[in-house]
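Student: Mind looking over this structure? Questions follow.
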Amino acid sequence: MVSNSFWLFILLVSFIPISAWAESRDISTLFTLRDSITEGKGFLRNWFDSETPPCSWSGITCIGHNVVAIDLSSVPLYAPFPLCIGAFQSLVRLNFSGCGFSGELPEALGNLQNLQYLDLSNNELTGPIPISLYNLKMLKEMVLDYNSLSGQLSPAIAQLQHLTKLSISMNSISGSLPPDLGSLKNLELLDIKMNTFNGSIPATFGNLSCLLHFDASQNNLTGSIFPGITSLTNLLTLDLSSNSFEGTIPREIGQLENLELLILGKNDLTGRIPQEIGSLKQLKLLHLEECQFTGKIPWSISGLSSLTELDISDNNFDAELPSSMGELGNLTQLIAKNAGLSGNMPKELGNCKKLTVINLSFNALIGPIPEEFADLEAIVSFFVEGNKLSGRVPDWIQKWKNARSIRLGQNKFSGPLPVLPLQHLLSFAAESNLLSGSIPSHICQANSLHSLLLHHNNLTGTIDEAFKGCTNLTELNLLDNHIHGEVPGYLAELPLVTLELSQNKFAGMLPAELWESKTLLEISLSNNEITGPIPESIGKLSVLQRLHIDNNLLEGPIPQSVGDLRNLTNLSLRGNRLSGIIPLALFNCRKLATLDLSYNNLTGNIPSAISHLTLLDSLILSSNQLSGSIPAEICVGFENEAHPDSEFLQHHGLLDLSYNQLTGQIPTSIKNCAMVMVLNLQGNLLNGTIPVELGELTNLTSINLSFNEFVGPMLPWSGPLVQLQGLILSNNHLDGSIPAKIGQILPKIAVLDLSSNALTGTLPQSLLCNNYLNHLDVSNNHLSGHIQFSCPDGKEYSSTLLFFNSSSNHFSGSLDESISNFTQLSTLDIHNNSLTGRLPSALSDLSSLNYLDLSSNNLYGAIPCGICNIFGLSFANFSGNYIDMYSLADCAAGGICSTNGTDHKALHPYHRVRRAITICAFTFVIIIVLVLLAVYLRRKLVRSRPLAFESASKAKATVEPTSTDELLGKKSREPLSINLATFEHALLRVTADDILKATENFSKVHIIGDGGFGTVYKAALPEGRRVAIKRLHGGHQFQGDREFLAEMETIGKVKHPNLVPLLGYCVCGDERFLIYEYMENGSLEMWLRNRADALEALGWPDRLKICLGSARGLAFLHHGFVPHIIHRDMKSSNILLDENFEPRVSDFGLARIISACETHVSTDIAGTFGYIPPEYGLTMKSTTKGDVYSFGVVMLELLTGRPPTGQEEVQGGGNLVGWVRWMIARGKQNELFDPCLPVSSVWREQMARVLAIARDCTADEPFKRPTMLEVVKGLKMTHGMECGPLVVTVSRDM
């Protein structure tokens, strides 16, 4: 405070003659200061008035001829800091706060030896604090907040012994805090928040006995809370939040009896909250959020009689809220979200009548909302989502007249919605509960309601009248209920911005009135039963940005008026019955980033007007009947970087025109598709040569041109495509040779499929030595020469190749011992060639081999002893050679390694012919028996279900394989069959009528899942048993019988507590059904995806249990029996949770048994985006190591809470694996764990160990990944917390 003498001098100044001003140096400096002003003159008008003496200028105070105070606070001068300030040697007070000064502070400030008050806050000052500033020994207040000052705080600050206020927050000052600060015994306020100070707080700070306010928040400080804190008995406020302090809260904290504000949140503090904290009678605000506190909340908290605000969120308490909290009569805010709380909400909280905010979200609270809460009439916000609360939503909630936001989502509330006559209510969320009944017509008595979230419930009825009075409603989400009727047109009269009605039973036509809305930006009506055409009036909704009407029954053409939706960025009409041509008007929607019209019946050409979509980065027109050529303008939208509003990052750069009837050549303008990453043109009638211009698309990661009519060379360009991982050119008419330098052209190729062409020449030796290649298929060509398994330089080499098929060519020569370099091979198929010589003993070294076919060659000699001992080998064929052993069945004879075995070299052709006749006769008998058995079983099944079904999806005319033989390349394989003896218990015999009744004619009400191979319905069988019925997609035998038989073979053989058991099946006509045990708690994905704005977050013990259990299930598939099973689609949505949250691996719709019964090659994508291992590209090969990668992604989901792909992971390339690597590379490992996951020190160590295993599982190179047995072993060690180095070894224990 300025002394009285100072104001006396101000009074006397008026008696000084004006003529004396001219003699003052300060006056001259004032004119210099004025002349430097270029901005803000309007705020300083009298400075430029010649009649006004300088000492009367605004903000200027003089004593005699001397300027003693300059206060230009908030005057927008926006200029470099004035250098002339140092000339005002009599200056006592200087306030330039909020003036917009920039640049560094001048050393001349040290000349102001009389300065007592300095405020330069809210400017744009840079550089260090001048050393000369520490010479201002009269200084009492130094305020430098909100600048960009840098450097360190000098120990010279100890010279400012009169300092009472030091505020340097919101800068970039770094380094450690100088202990010399502790000598400033007059200091009352110390504010250093939001800098980058590091190290610990010096113990000397305990000498600041006058300190009232201390704020060191948002720095990088470490260590424990400094021991001298208990000496600061005058302290009123203490904020140490957002640092890295460790240890416990000292019990001596209770000695700070004057403390009114204590903020220690967002640190690494551990242990219990001390009982002594209850001694702080004056405390009004207590923040302990985002630490690692454990144990119980102390009962002594009731002693905080002045407390108004308590935040203990994001901790690891394992206790109930103490009932003593009911004694906090002044409490207005209780925030304890994600704090590890359990038990019931204490009814005593109803005594805290002043409570306005209660946030207990994401805990494990149970029971109903206490009746006593009805008296909390001051409530404004009530958040309890993500618990296990049950009962009805109480009707007395209408007493909360001041309530603005109520969030009850992700609980187990049941019954109807309550009456809500709350005039101030803005937001009501009760999603993901068990609410039933219809939406009451009085819902809009809350006439201020802006947001209503009721998705994922069991609501029924219609909404014909429900929302008519909601005149302020901007967001309505009814996703996944059982609401039926038509979409009402009155919704257009509401101020809705977002309308989400997907996954209900809405039927009828789209209302023409809906498109009259002036506000709707997002509409999603997917997965309903909406019929009829898309109305012409759709074009009236010109502000619309996202429109999703996929998977309905819409028919007719796409209307021309869609072109009036000029703001549209995302349009999905996928999976309807739309016909006609793609309208030219659609291309007036020039903001489109994603356009998906796939799986319709569209015809005609792809219009050249597509060039208007310059922001397009995802175009999906697959599975239609489009014809004509690919327009030269197709690439215009792919010339630019990805649009920021693109919905799915994994779809960026996707150009998919597959499975149409396109003809002609790929246009040379394809070179302009610079941003295309995935190019799918398979399944068309394209011809000509592969354009050399493809070699200019350096961002390509995969190309699929299979099943077309291309001719000419397979690789017409010579420059490298360094990003390309998948190249699939099978089933064309390509000729010529494979370039000798293919390894340089495709340096990172992982999947290369050149099968079923007319290629000639040799197989380049360098191709097999590519460091990235793991799938190579050159079968059914005219290749010749030797297959070189050694590298050109002759050096020893460990290949990463997993799959090699060179069958049905003209290869000759022998197999040499260098094949031992290919230890990762799981499939080796060289049948139907002209190989000669003996089998190399190195074949026994291929320990990963599970499929071996060397049949129909000219090989001779003995079988290497170790062949039959390869653990995973489930199929081997040596027939058609001069070798006794034809298949693995011959291993049972046990004589192939004996010293007195047959002399295979001397085997006469006569014996070979005789043996062939014998085998053919035996095979003929077996085939007859199998055919008769199949006929018998089919007739028996058909009799049990005479009813015919309509196929789930219409068969499309494509160039895909139409039979098993065609898919397998007419290889000799065992027939697909169902071995009913493999099932442990008798299967349920379910009739078609049972299924129709249980699913109400396949009503969408019963849908609980929809995968690539089938839709899953929740149903109750006649005897009352709840089951899940999977209706397999498929309109022909390859897509129906094959998946059905594979599923039966797979699940029937598998019995494990962590796998979903198959209960029965049903066959009728083209329809195939599987009946599974119903899993009460849904999928892991459902529990992980949503948190503060969605579903409940699982605690770490639950996540670790789920991780270990699902690993055991997958390990059993890989190693539990022969033949081994590959899942092919391992993901969080395929891990189901029973009533005890025990995990069960589900959905073997993509499973393949690697045996003679089935191929392991597929032309479809195996897996789901985000889970597919990098070696797949557009994979046609599945391996156990691919499953391991996918499971590693699931582990990362459990650790981080993030989805496998999305906007959040943009730093890592749009996927979770990349983001985790990006975070770890920057030393941010502790920041990648799920922020909604409270952890103790033990849990943190467990999480770090699981992260290490997950990183091994998601290694780019398959051979670096562990087996699932090793994963189980590592997780078991982690679960038991055997401390010390983590050593993962193979264990047979699952």
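Positions of Cβ are set from backbone N, Cα and C atoms, glycine also.
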Student: Quick check on the record annotations: which of Asn704, Asn900 is tagged N-linked glycosylation site by Swiss-Prot?
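Tutor: Looking at Swiss-Prot, the N-linked glycosylation site feature maps to Asn704.
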Student: If you check Swiss-Prot for N-linked glycosylation site, which of Asn95, Asn570 comes up?
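Tutor: Record lookup in Swiss-Prot returns N-linked glycosylation site for Asn570.
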Student: Of the residues Asn832, Asn1001, which is given the N-linked glycosylation site tag by Swiss-Prot?
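Tutor: Cross-referencing Asn832, Asn1001 with Swiss-Prot, N-linked glycosylation site lands on Asn832.
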Student: Per DSSP, Asn330 (N-linked glycosylation site) is which: helix, strand or coil?
Tutor: coil
Student: Report, as numbers and ranges, which residues of the same chain sit near the repeat 'LRR 29' (822-846): CB under 8 Å and 6 or more residues beyond its ends.
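Tutor: Apart from its flanks, the repeat 'LRR 29' (822-846) reaches 768, 774, 779, 787, 789, 798-816, 852-867, 869-870, 872, 877, 880, 883, 971, 1154, 1160, 1181, 1183-1184, 1262-1263.
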Student: Enter the number of other CB atoms within 10 angstroms of the CB of Asn832 (N-linked glycosylation site).
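Tutor: A 10 Å sphere around the Cβ of Asn832 (N-linked glycosylation site) contains 22 other Cβ atoms.
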Student: Indicate whether Asn458 (N-linked glycosylation site) is helix, strand or coil by DSSP.
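Tutor: Going by the DSSP assignment, Asn458 (N-linked glycosylation site) falls within a strand, counted as strand.
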Student: Going along the chain, which residues six or more apart from Asn207 (N-linked glycosylation site) have their CB under 8 A from its CB?
Tutor: Gly182, Ser183, Lys185, Gly228, Ser231
Student: Take the C-alpha atoms of Asn601 (N-linked glycosylation site) and Asn687 (N-linked glycosylation site) and report the distance between them in angstrom, rounded.
Tutor: 23
Student: Say we define neighbours as other CB atoms within 10 Å of the CB. Which of the glycosylation sites Asn359, Asn472, Asn570, Asn805, Asn821 has the fewest?
Tutor: Asn472
Student: Give me the DSSP three-state residue breakdown of the repeat 'LRR 26' (722-745), ordered helix, strand, coil.
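Tutor: Helix (H, G, I), strand (E, B), coil: 4 helix, 6 strand, 14 coil.
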Student: Under 8 Å Cβ to Cβ from Asn220 (N-linked glycosylation site), same chain, six or more residues apart: give me those in sequence order, or none if nothing qualifies.
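Tutor: Those within reach of Asn220 (N-linked glycosylation site), by Cβ under 8 Å and sequence separation of 6 or more, are Thr196, Phe197, Asn198, Asn243, Ser244.
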Student: Mind tallying the repeat 'LRR 17' (494-517) by DSSP state, helix then strand then coil?
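Tutor: For that range the per-state counts are 5 helix, 8 strand, 11 coil.
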